[in-house]
Amino acid sequence: MFIPVAQSAFKALRSAQPRVRLYFVSKNAYSSQVEYKPIRSVLVANRGEIAIRVFRACTELGIKSVAVYSEQDKMHMHRQKADESYLVGKGLPPVEAYLNIPEIIRVCKENDVDAVHPGYGFLSERSDFAQAVIDAGLRFIGPSPKVVQNMGDKVAARVAAIEAGVPIVPGTDGPVTTKEEALEFCKMHGLPVIFKAAYGGGGRGMRVVRKMEEVEESFQRASSEAKAAFGNGAMFIEKFIERPRHIEVQLLGDKAGNVVHLYERDCSVQRRHQKVVEIAPAPRLPIELRDKMTEAAVRLARHVGYENAGTVEFLCDESGNFYFIEVNARLQVEHTVTEEITGIDLVQSQIRIAEGMTLPELGYTQENIQPRGYAIQCRVTTEDPANDFQPNTGRLEVFRSGEGMGIRLDSASAYAGAIISPYYDSLLVKVIAHAGDLQSSAAKMNRALREFRIRGVKTNIPFLLNVLENQKFLNGVLDTYFIDEHPQLFKFRPTQNRAQKLLNYLGEVLVNGPQTPLATTLKPAEVSPHVPAIPLDLSPEALEREERGEAKVTEPPCGLRDILVRQGPEAFAKEVRSRKNLMLMDTTFRDAHQSLLATRVRSHDLLKISPYVAHKFNNLYALENWGGATFDVALRFLHECPWERLEEMRKRIPNIPFQMLLRGANAVGYTSYPDNVVYKFCELAVQTGMDIFRVFDSLNYLPNLILGMEAAGKAGGVVEAAISYTGDVSDPKRTKYDLKYYTNLADELVKAGTHVLCIKDMAGLLKPEAATLLITAIRDKHPDIPIHIHTHDTSGAGVASMLACAQAGADVVDVAVDSMSGMTSQPSMGAVVASLQGTPLDTGVDLRVVSEYSAYWEQTRTLYAPFECTTTMRSGNADVYLNEIPGGQYTNLQFQAFSLGLGDFFEDVKKAYREANLLLGDIIKVTPSSKVVGDLAQFMVQNNLTADQVLEKAEELSFPKSVVEFLQGHIGIPHGGFPEPLRSRVLKDMPRIEGRPGAALEPLDFDKLKQDLKESHPNITDRDVMSSALYPQVTNEYLFFREKFGPVDKLDTRIFLTGPKVGEEFEVTLERGKTLSLKAMAMAADLKPNGDREVFFEMNGQLRTVHILDKEAVKEIHVHPKANKAVKSEVGAPMPGTVIDIRVAVGDKVEKGQPLVVLSAMKMEMVVQAPQAGVVKKLEIANGMKLEGDDLLMIIE
């Protein structure tokens, strides 16, 4: 009886003697003389994880390991893991380097190599390679060349199977090399058929064909793939078995003729005929069927004289029949699961068998080999499952693996900083889980995959997780249709990757400067605004209420919103009117910063103070916090979602009503929209947390106003119809907008069903005396309707006017907290509160609380120094009574004047504003009509035109677009009609809109819009669709920005605007309980060849780097242009790769879906199709060109 020699003894033998002959008589009656020659060094003619797998086995056996590598792999991990490594294939393409047999043999002979392990893929199934190794006096760790040739030849393998009595599938008698032969076979035997590479496996060059018209194209693509992967494009064709299971049996054979099986693996979970998940043993496989298959596999191996490791693959149909597919005369990718369930190291076994040891000597008799538990292997690849599994290349910015009990990882270049190239297979790491049963093994795998953090390239992990959670998979009910018949596997919860995206944003700011335009050269202050504390009520009574489930101690006190939620808008309005004191609405969250800071205040700073406001200002009428210009500015400049802002504010302030500004039929835009857009907008706003809609029209045009009122009312909101105020009702000479005009308008709005009536004094023109006259007149006519007054303090008389309104019967006035009040903002909250203390109109607001609130905003305001209105405006100015410029426009107009080079002429702009207003007929001026007047005013100053000259030259001047559209009727009809003859002279024969502009617009198809958006943004929400309906281009750009840079709204404002300083440490709270600790470390001085600059950060104590394209420096070097995803005419490369076929030329007409270009990457070919019909205007590629993802291919117009 043979007793295996200890491993240490083998190591001693190897080091002591180059060759030893040992004779054995094995106990299974095979009588043979087997030569044992210890192997001292092994060269692995391969790369990646399989090379490292063999190196590890060699190290454990005391054998020197030798690697070869291509030029493209000089930084690859496998060359570093070997004891020695040598370059092969210099100057050759990446794959061909590893197919260069003479050079590999030369490396072996020059460096005293004893044996060659082929791994899998490349040369592993090339009999000429095995023969060349042996002819060079080396040992080939694998079957004999004859067996490799016969088993690699699909036809010869079929003959051998027939001879051994193993069932086969009908197929061609020999390799097929032309599409004509393929077509003939298909016509003779019928469809479906499967094309398979005659001289290789692994799913390369494999196609299933079900339609006769697809035979020729599929054959050409499959043959081309096979030739690229194996050096030979010959194909084997056989009938395709429907709904089979793919079962393979692992074998080991020795030189003495012993063969054992190591049980089977289920490889049915496949995509494109490539295995994705493998299981050992095969679940739910009847024992009698397993026995038949394993016995057939062993019988075939003995028949052909098989030695070393190999696999026999079968298809099993639903009736329990099985058919031979092929023999893989090599180690397979999924050998790991067999190792886990049997405890046998297959690679070490290969080496020992190559040395001359027999299976009995190794202890491998069939009765000794028993499976234990279940093992699952998942191949984590750098492929994007959401984009048809296209290979993804690039730099691994972050790599963190899943580990723990029962988890094994086989990988190669899986580490932060590794470069994933397009030249080789997309496999990144093999994850193997082993447990007592299938469900436990799947649970371990699921947990491990969820622990992975891979950034920089996309992976198939989301898809693998879906597979592992599928009930059929967990129950072992599998066949090769598993993936095709479970489309839910492709529904992924998008990975957020927030931290890395934020680092990319910070790197972008540091390299290329601010990502939002700064209005001035001033920098944000280096302060962290103090948020006043909110004391918790921990009294016994409060704790008892919490125990009873009534209210948590952290909840703010009840406010007016509780009545609105419980009883509805009518009861809300009635409650407001019943109160005897003056109520306040705080505009700090919207109009105040729109007026003072160019609408740039971010959600980050609003949300920080929100809990304090909820606890301390619960007696407010409302917070004005949304709508108007804040909507598009959030998207356009702050790169944040206005809907998320509203939602998050509502979470923090559940008790105070929110009010927004709705521009009637213009919603929150600057033009007219289809009616259903306005209705849908209001509905979504209420669902997200909005309560009160201040509905106005920029011309007081009733049809537009009433549409907005109806939309807000139908949505369930409080309708606060607003009359936009201009002129002076206390001046009898101002007759166009007299008292009767306003009272008549009030009558119409009350009649239309408004809950609250608002006077919107957008320019601050309402003087105290006029306020008394106007409010008294309306109150007398409508004693039961709540009246709400809005003004701006541009003249400095705002507080006096609001007090006059209160005395005349107004219920609510608008104020801003002291540090955000005055000038073009609203009157001071503190001043109004103090003025009414101890009077019947006492607001009930604590002045000390106002002071604390103001202190926060005083500090916060300094963060927005680049947008500070005091840069150009030092104080209020009573000339507003002359020019009538709205407060929200005043500072914006000033910034625009500076940007247009008219800063020194702002006084002229103000005078021109008055003249422009009169030219246009003395119109109501509020967004968007105020923009019309402002554009005309700046046009006049730029061109040095007087009002008379404008009128005189109107037919020949090129007026601003907004002016032309106003005169056409795009925003409605002004009170008193359009100005003549100006209108006729400007428009000439241009079309005019009669009546309400939106009435003639077709309803917007939201479903179609959503589908169109999903082509570029698969994970959009209904909110994004709504934003796009209002601002298509702005929303599209925002969505691309968000996908690239993540939640930038979580950054502190200074960091967001100008980036961190080098060496600065700061924190970013992504969500409750998840805070990143960041530090900006350094920025590389040298550029990468592609124009990138490397920026270094420390995140949570770990080094992270990002590569940012330096947009200035790149102008000096040639870089292939990228396709702009926001421009549909630009066709980009869907994956990195090489151009192998261009099917169009400049000037060609193409149809949507027409093949344009064929790319090859990672041994996979992809046809790029036309995204739209049109004409090819420009080609940016040539055959053989190597591309990166998103490189511009062509422009189709």
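Each Cβ is built from the backbone N, Cα and C atoms, and glycine gets one as well.
Taken from TrEMBL, the feature domain 'Biotin carboxylation' applies to 38-488.
Marked as ATP binding site by TrEMBL: Lys154, Glu238, His273. Around Glu238 (ATP binding site), the same-chain residues at least 6 positions away in sequence with a Cβ under 8 Å from its Cβ are Val169, Pro170, Gly171, Thr172, Val193, Ile194, Lys196.
Summarising the annotation, TrEMBL assigns domain 'ATP-grasp' to 158-355.
Feature annotation from TrEMBL assigns active site to Arg330. Sequence-distant neighbours of Arg330 (active site): residues of the same chain at least 6 apart with a C-beta under 8 Å from its C-beta are Pro118, Gly119, Tyr120, Ser124, Glu125, Gly142, Ala309, Gly310.
Fewest Cβ neighbours within 10 Å among the binding-site residues Lys154, His273: this applies to His273. For the recorded ATP site, residues Lys154, Glu238, His273 set the reference point as the centre of their Cβ atoms, and the other residues of that chain within 8 Å of it by Cβ are Gly171, Ile194, Phe195, Lys196, Met206, Phe236, Ile237, Ile325, Glu326. Predicted-model confidence for the domain 'ATP-grasp' (158-355) is 91, expressed as mean pLDDT.
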